[in-house]
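Let me begin by presenting the structure, written as structure tokens, before commenting on it.
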Amino acid sequence: MSSDIPIEFTEPLQLTDIGIQPQFLDFRSTTLESDRFVCVREQGANGNTVSIIDLHNNNNVTKKNMTADNAIMHPSQNVISLRANGTTLQIFNLDTKQRLKSFTMSEPVIFWKWLNEQTLGLVTQNAIFEWNIFDGTGDGPVRLADKHVSLTNNQIINFVSNKDNTWIAVTGIAQEEGRIVGHIQLYSKARNISQAIDGHVCNFATLKLSGASVDTQVFVCGNRTATGGQLHVIEIDHQEGAPVFQKKNVDIFFPADAANDFPVSVHVSQKYGIVYLLTKYGFIHLYDVESSTSLFVNRISAEPVFTAASYNNGTGIIAINRSGQVLTVDLSRESFIPYILNKLSNIPLALSLASRSGLPGAENLFTQQFNQCLASGDYDNAAKIAASSEQLRTSETINRLKNLQPAPGQISPILSYFSILLDKGNLNKFESIELAKPVLQQDKKPLFEKWLKEDKLQSSEELGDIVKPYDTTLALAVYMRAQVPVKVVSCLAEIGQFDKILPYCEKVNYHPEYTILIQNIVRVNPDKAAEFATSLLRQTPGLDIEKIADIFLSQNYIQQGTAFLLDALKDDKPAEGHLQTRLLEINLLHAPQVADAILGNNMFSQYDRPTIATLAEKAGLYQRALEHFDDIKDIKRVIVNTQAFPTDWLVNYFGKLNVEQSVACLREMLSKNIAQNLQVVIQVATKYSDLIGPVTLIKVFEEFKCTEGEYYYLASIVNVTQEPEVVFKYIQAAAKLGQVKEIERVTRENNVYNGEKVKNFLKEAKLDDQLPLIIVCDRYDFVHDLVLYLYKNKFFKFIEVYVQQVNPSKTPQVIAGLLDVDCDEAIIQSLLQTVIGQVPIAPLVEEVEKRNRLKLLLPFLEQTLQGGSADKTVYDTLAKIYIDSNNNPEKFLQENDNYDTLIVGKYCEKRDPYLAYIAYSKGQNDEELIKITNENAMFKYQARYLLSRSDRQLWSVVLSEDNMYRRQLIDQVVGTAIPELEDPEPVSLAVEAFMDADLPSELIELLEKIILEPSPFNDNPSLQELLILTAIKADQTRVDSYIEKLDDFDPEEIGSLATEAGLYEEAFKVYNKFELYGKALKVLVEDVMSLDRGEEYAEKLDKPELWSQLGAAQLNGLRIPEAIESYIKAGDPSNFEQVIDIAEHAGKEEELIPFLKMARETLREPKVDGAIINAYANTDRLNDIEHFLQLSNAADLESIGDKLYEKHNYEAAKLLYSSISNYSKLASTLVYLGDYQAAVDCARKASNVKVWKQVNEACIDNKEFRLAQICGLNLIIHAEELDELVNKYEYFGYFDQLISLFENGLGLERAHMGMFTELAVLYTKYSPDKTMEHLKLFWSRINIPKVLRACEAAHLWPELIFLYCHYDEWDNAALTIIERSSSAFEHSSFKEVIVKVSNLEIYYKAINFYLNEHPSLLTDLLSVMIPRIDLPRVVKLFQKSDNLPLVKPFLISVLDKNNSIVNQAYHDLLIEEEDYKSLRSVIESNDKFDALGLAERLEKHDVIFFRQIAAVLYRKNKKWNKAISILKTDRLWSDVIETAAISGSEKVASETLQYFVETGNKECFVATLYACYHLVNPDTILELTWLHGLGDYTKPYEISIAKNNQDRINELYQDLKKRQSQETNADDEPAGSQRLLLTNGTGIGLQPTGTGFGGF
């Protein structure tokens, strides 16, 4: 913005640039609650989305899929409020993914808005609500009041409340009397009263009036009436102590071209007391809220604004317009007060605003008034003025006021000053310190504390230092506010609040010296110190744990030290192993239980395990010792103490040992005390059986002959082992211990053992109970061996047990075995009788049948049937027995339904095929039946079976070509089976089967027998149709005779089939026979394709429907006149669309007109009426068209007009477009007719871009520039049309007309950036002298990059630089000035540009540029570049070009940087100029340079002062001899003496004394003696004195030495007396008074810190 404009206007974001669609940029879809978030709800094909733009986070966009119909964001938090279906409200915290509240309203919410950080305001159709979202409850909205009747049918646009939420205001707008009016409902909660106010915008504000002690609340309201606009400021809730605020009114200025403009938002800056009022058309108004003075008006948006909110913590305003621009307006702090002074010339207002808001710009006025009041003695007003100006509130002003003496009876000016400040607001740092001193001295701490709580004082370290002597707690509060962490921590420790230290340090990111801090806390409270140290661990990485532990342990605080180390070492780091060892050692010695607990928790793993193991064993902690020993000897020594270990732990311990160690320990335990340790050994063996191996463990038990242990061990693993040998060993052990039941269980349940091996063992063991052997043989199918073994050994009882109790299902194998040993049949039958119902029949039958002994089973089977068995095998076996014995099998097969027909049929095939047929037919075994009947020529039975079976698939099998017996079967079906039937279903299925098999001849034969010969199926329509159909397919010569003989078929179906088969005459005969005339005619015209026969047939019958049908056929045959005549004869206009289309396409409009008139008698169709108009137009009957248009018609005149327009029939099209007022197309038509003025008038009415473009082009082509400009003004407001329009004008060379067009367009209401940009480009091309003026006026509204390119192409360098500067392209601006200096250089402007460049290389280009072209200005340029240039590089640049003296002022200005290169260059200049004073000064102030190198240069200089400087440099670098040598040469004795004294070297001092003695310079000798008194030995001085006779000169020195020696002797004597006294007292103390070493600290004595011998 320009410096004379009091606002800062920015565009931080363009919403369309981040993907927001323009159609959603409106009041309903885009919401703005604050300057934090913009929320846009978009609709698309994939659903609704909500875009959240975080303006505080680099415009980050978050998109979420949501079905809500409205969404608003919280003013400051990432909290979204959603409304669905108008009534469902939900609020979500997007950071925590938590739903805060949800509620369903009883009526739709039409508007809602955040009133403050806590509360949502809601408006429904009938009421107003508020809803506290963060109250932690589930409560819904609270009803405040009914919506005022004035807001009925209004669009609610705002809802605001005052600061304490006691007043609310709801604003709505509505269309009334042709304009937008506003209504406001103002509601007071305290009075529960609503008031209706006319207004478009409103808000609440607070201000403090002059002299008031409390704030004044005001209500700000803006309204646009029919005659103008006004802003009202009204006081609400007047409080006592505040002056009465008079109601203020001020006019709101609206330009004449903004007749429909009205306010859309008003916001009040509490900080500055400024009212921002924004209108729909983008005008921003600024008013002073206290005086209601209009301050500033300007337009900030060319597009309508629809929403706004407060900006920058309420100091400004942010808004969004319809094009998606996000705009911000804030006060310009630097230019606001100067603007009021210079532009408004309102000094009182400027002073008031500067005083109230702290804005700069009125400093001189305040200072002048302050000095005048002091000069006149008006100290009260001087204090008021000083308190009102931020610039005067300094320590200097305070001192001046303190030094003033008040008049008698008046208070001190300084007290008046502080009083005013305390009433007005807060004190700054200096004021707070000056006020605190007297208040605390007078012991008024409560008053000071009150001011501190009210934030009246500015806290600082200095203020805290003043308060601390009086109250440490109060000083702590000051330090915390001033953020002085070191002193906050000190105070917290001082008052004992240790638990607050760490949270505070973490909060302020302060890292104190914790070791010292903890040491101090230990002295006060060891437990608190331990807690504090522990808390440090969690939040302070890098803490010296060992030092802190030493603090506790060195003072014998073992418990606290242990607690600290437990927490400190919990991460179990390798580097902390020694600390872990130390912790465990201390506790094993002093608190074994604690050590046991630590080790039990497995907290550490890095300590010295052998050491800890030994200590644990000595402490009796055998379990811990065992855990830590690794040597098997140690383990075996400890593990025998089994009574000291929990059994479970000891068992688990073996899991840590390897196999060899485990076995060794088990042997050790069994060898020491087998009775005591057996149980543990068994448990260990059981648990680690897989690891050690069962074989090894079995050997261990067998080694010690511990059968019981082996048994119990194996018992624990036998159920899970997969090793057969283990199970076998278990069975052996059980047999030895007589555990037969366990053997029985294992053999029954175990699946691992070797059945053969166990079987053999049990047979050899010969147990009394053979059940285990039975189980093994049963499971491993050794039944045959078992029967032989039991039968041989006469264990008949166990055979019965096996069959009856163990496994009856194995009875077949048992019977087979008994038969094989030739057992008596009676025994076998007797055995079978005992297991009736339990034996599987099929295997039994199979085994017996193999041995040809089926009859043996007859009693058993008959008894099984009597028992109710339904097993098919029983019946199958009985059937076989009956068949073999010929016991009436046919009856059994026919009547019994339980046998398996396949099995029995198969059994009968070779014995009797007929019995097999009976079985197969009963079981519907189709394949087997067909096979047996074919093989035995039983086709009659097969045909009967097929008809009774009625299975389509079966028919397809027997009628397939692969069946060699098909002909014999068909003869039996036709000749025998079919005549026997009366049921139509089998017959129908047989017919279908013949059809499926594609046997047409056989089918005709079948059907003729059924239909033509006497039968129950003669009149069956389906069969008649089938006969004709088959004839159509197989023998078409029979079709005609069938049609004559048969009368019961469906004519439509048969006719259709005949047509499809090409039998058109037969089809015509069918339709005509059954009087289906329409179908008969259709056959003639479509199939026979004889329109003439069709016409004869229609004339013969003379029916309208036939004429209509004939007309359609003729139309399809393109006999258009004949078709039209047929339709007229039929009186049928129904096919008007086709008739019109074909006739118009053929150009038969004249013949078409009679048909259309006939059609209009019954129809009112748009196409018919349109066709009439088109026919009139094509036959040039324009008068008939005009007459027709005057009548009522249904024609689509626009489409007809378009049709005529495309055919270039513009006169007819003009008539149509005029009749429907389609100005867009009428304008285009008039263009072609050459009536340009009328075309422009129509285009104005049409207001369509395409029309404007067409008319514009036509006017340009015909040089109608005035009309073209009118069109152009309506085109240039559309940015997308600019390029084409400009190209058109430029192509024809109409440059002046084009510029005039854009110049006139800038004043349009819809003027946009593209217009300003294009005009700027045109100026650069065709009128360069106007370019700069245009850019200065409108640089903020042009597309700068585009104009930059244009200016560069036109070589307009000043204009180019101007744009670079306003586009923040400072680099390019600087380079352009350098490159085009002849026409673009201006020193002051270049300085402003160069400091803003980002590429520092340009700095050095600028230096070279100035060096070559403007050397006199070089120093001034360098002065502004100092902060960013590389000083060494710049200096070297000038050194290289030998221009160093040119920049001497620059070098002086940067000496404070203390840069070695700069210092060296400056030294060179001074040496060259022989300015030794400056050189001496700069050497003393700056130390970064090559001191020795410079000294070497200067020591040979002709000027003595430079040689003196060389000596100083040597002295600074401790080159004492070199420095003294130079000084001696130049006889600078004082410098020689000073150097010797500074050196601190006894040798240097002695040599200097020797030199002065040798040269006879006795005065310097004495001076050196006293200067180097502490450096020389007295014996050296005495020797020199004696040799050279200098006793008179050295006598004072000798006296001083004697005095010092006597003082030291006295000190030694006093020290000796003191020691002797202490030894005497020590001898008198009791012998036991000395504390033991264990409790006497750490036992380490402290070394005395005496001064040594002689005090040195």
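Cβ coordinates come from backbone N, Cα and C, glycine included.
Taking H, G and I as helix, E and B as strand and the rest as coil, DSSP gives the domain 'Clathrin heavy chain linker core motif' (337-356) the counts 18 helix, 0 strand, 2 coil. Look at TrEMBL and you will find 337-356 tagged as domain 'Clathrin heavy chain linker core motif'.
According to TrEMBL, the feature region 'Disordered' maps to 1619-1643.
Taking H, G and I as helix, E and B as strand and the rest as coil, DSSP gives the repeat 'CHCR' (536-682) the counts 111 helix, 0 strand, 36 coil. The repeat 'CHCR' feature in TrEMBL is assigned to 536-682 (among others).
Residues or ranges marked as repeat 'CHCR' in TrEMBL: 685-827 (among others). When DSSP labels each residue, the repeat 'CHCR' (685-827) comes out as 108 helix, 0 strand, 35 coil, counted as helix, strand and coil in that order.
If you look up TrEMBL, you'll see 832-971 (among others) marked as repeat 'CHCR'.
As annotated by TrEMBL, repeat 'CHCR' applies to 978-1123 (among others). In the predicted model, the repeat 'CHCR' (978-1123) shows an average pLDDT of 74.
As annotated by TrEMBL, repeat 'CHCR' applies to 1127-1268 (among others).
According to TrEMBL, the feature repeat 'CHCR' maps to 1273-1419 (among others). Helix, strand and coil counts under DSSP for the repeat 'CHCR' (1273-1419) come to 116 helix, 0 strand, 31 coil.
Annotated repeat 'CHCR' per TrEMBL: 1422-1565 (among others), in sequence order.
As a summary of secondary structure, the repeat 'CHCR' (1422-1565) carries 111 helix, 0 strand, 33 coil according to DSSP. Within its own chain, the domain 'Clathrin heavy chain linker core motif' (337-356) is flanked in space by residues 4-6, 272-273, 288, 290-291, 293, 295-296, 362, 365-366, 388-389, which lie at least six positions past its ends and keep a Cβ under 8 Å from the stretch.
Residue counts for the repeat 'CHCR' (832-971) by DSSP state, with H, G and I taken as helix and E and B as strand, are 98 helix, 0 strand, 42 coil.
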